[in-house]
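Participant: Sharing a structure with you now.
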């Protein structure tokens, strides 16, 4: 992780302003504001260049290391940011007397590539502009409104963009001249040749090793490094009151300010802490979308912020310095971009196999066996724990079923007691009717017992028969406390003043019938209070059993969760064990091959030893024979010397 490198460059002041009237002071790498609105406001950056600095000085201190890293395989980006007429285009492209960063970088790339003795390079270049949020190819006329795509292999790229394979710096400079001729420029009150679009000059640098060293180190052989170098010249932010833009220039300024505002928002988000950082709006602008890898991604980035020193531009300069301060806190994670070929992969796999063989011959095999044994023990323990949890879960389930059965039995008993209590109350009511009571009294004592009788379940003992004398009379209703013969006053009240012969009026007697014991047969009544207490006890017991059942249900769910966790752990352990088994099988197969080779070598060594023994035995025998022959020959010679041999003379 490394921070973005940020530098500030003050352009020379306009001739009408004197150096003593400038509100900014530069002290080494610190910039201080001396005037209104915020006195003594200071900023510190990596580099601060005054008006005497040249483009070569800026390139050497800020961009040269970026170019060397790009040739080594790192992505790199350098861009100029600032208000309009602050010197961005001059910093990036320069002039004939003072070349800018882009031509200096092109020459440095080819010079360094030629000096490299162990790598060969292939360089491709492209040149585009973002004009009114539309991407145009500056190397091809008519290639406008190009789309942006993204893929896993190429990342973010512009589809249809022309790429030229180049072999020299002069060829690249010619392409730059062609692109500058197609770029959009315009005149404003602040700049006679104002850039009306953002330009991105891109160099794709591919390199590969030329050969492999004598030791056979193929770690980096056949690995192609692909890096992208972006050199960006941004259009400057504008204020309509100062530029006097209108019509087309006004529309261009709106798009420029919008894209620079999105760039500032992206830098703000990236400079925040990781926990506070929210969504980063890369897609809100095509500029930030293309530069996404360079902003907080896999690239090394340098930013040159150009500012105007005059007091009239103090607000724009302060905004640029705030942007630079936030950009300085952004971190990137640059890595070497390598693409491995099939040959390189095979070579690396061979090296890994050799490394595994060396480990197998050493003490690593014992360590692996210990690891596998430990994993087997852990798996066995987890299996036992799982079985124990299953048994406990089964016992808990049985206990829950038995508890539910007990609750059902208690509920049945409560229902039976309720029915019996209702029957007892009904029997008492019927007995009261048989003793001479009225239905109103019975209903007052037990108002809820005879509201909705169940005729299917009610026996005949609950039916009371009325006598024929209890039928409705055609006369007026009579009060409850009515004697056998009504008096005159009562009759006057009943007949509303009409007089009648009271001797002719007789009140019919209502015959009451008593119920015999044979018509009504009921069980012996229980005491109502004892039954209620018993019901309360049963309800309390039932509620306790329900609570126990809920507790056991929660425990069962907890045990099921633990069992599922153990199953997942077992699955992970089994997967790890299977991978370890595969590794062990591979190592074992390699070990068997090595053992076979070793046995063959031992057999060959044994055969050689036997042959050597036979040869030594034959040699000793031959030596003995030669020694005996030598002694015999010597004895014969000595015997011959001891005798005088007479040669016969020959005569003619």
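For all residues, glycine too, the Cβ spot is worked out from N, Cα and C.
The following feature annotations were taken from TrEMBL:
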BINDING   82, 83, 84, 85, 86, 87, 88, 89  ATP binding site
COILED    535-611  coiled coil
DOMAIN    3-330  domain 'Kinesin motor'
Participant: Limited to the domain 'Kinesin motor' (3-330), I'd like the whole-number average of pLDDT.
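Facilitator: That region's mean pLDDT is 87.
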Participant: Hey, what's the Cβ neighbour count for residue 86 (ATP binding site) at 10 Å?
Facilitator: 27
Participant: Among all the protein chains here, how many other CB atoms are within 10 A of the CB of residue 84 (ATP binding site)?
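Facilitator: Looking across every protein chain shown, the total is 25.
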Participant: Name the residues of the same chain, 6+ apart in sequence, whose Cβ is under 8 Å from the Cβ of residue 87 (ATP binding site)?
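Facilitator: Non-local contacts for residue 87 (ATP binding site): 9, 11, 306.
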Participant: Compute the centroid of the Cβ atoms of 82, 83, 84, 85, 86, 87, 88, 89, then list the same-chain residues not in that set whose Cβ lies within 8 Å of it, in sequence order, for the ATP site.
Facilitator: 11, 80, 191, 236, 306, 308
Participant: Are there any residues at least 6 positions away along the chain from residue 89 (ATP binding site) with a Cβ closer than 8 Å to its Cβ? List them or say none.
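Facilitator: Expected: 80, 195, 233.
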Participant: Taking the Cβ of residue 83 (ATP binding site) as the centre, how many other Cβ atoms fall within a 10 Å radius?
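Facilitator: Counting Cβ neighbours of residue 83 (ATP binding site) within 10 Å gives 24.
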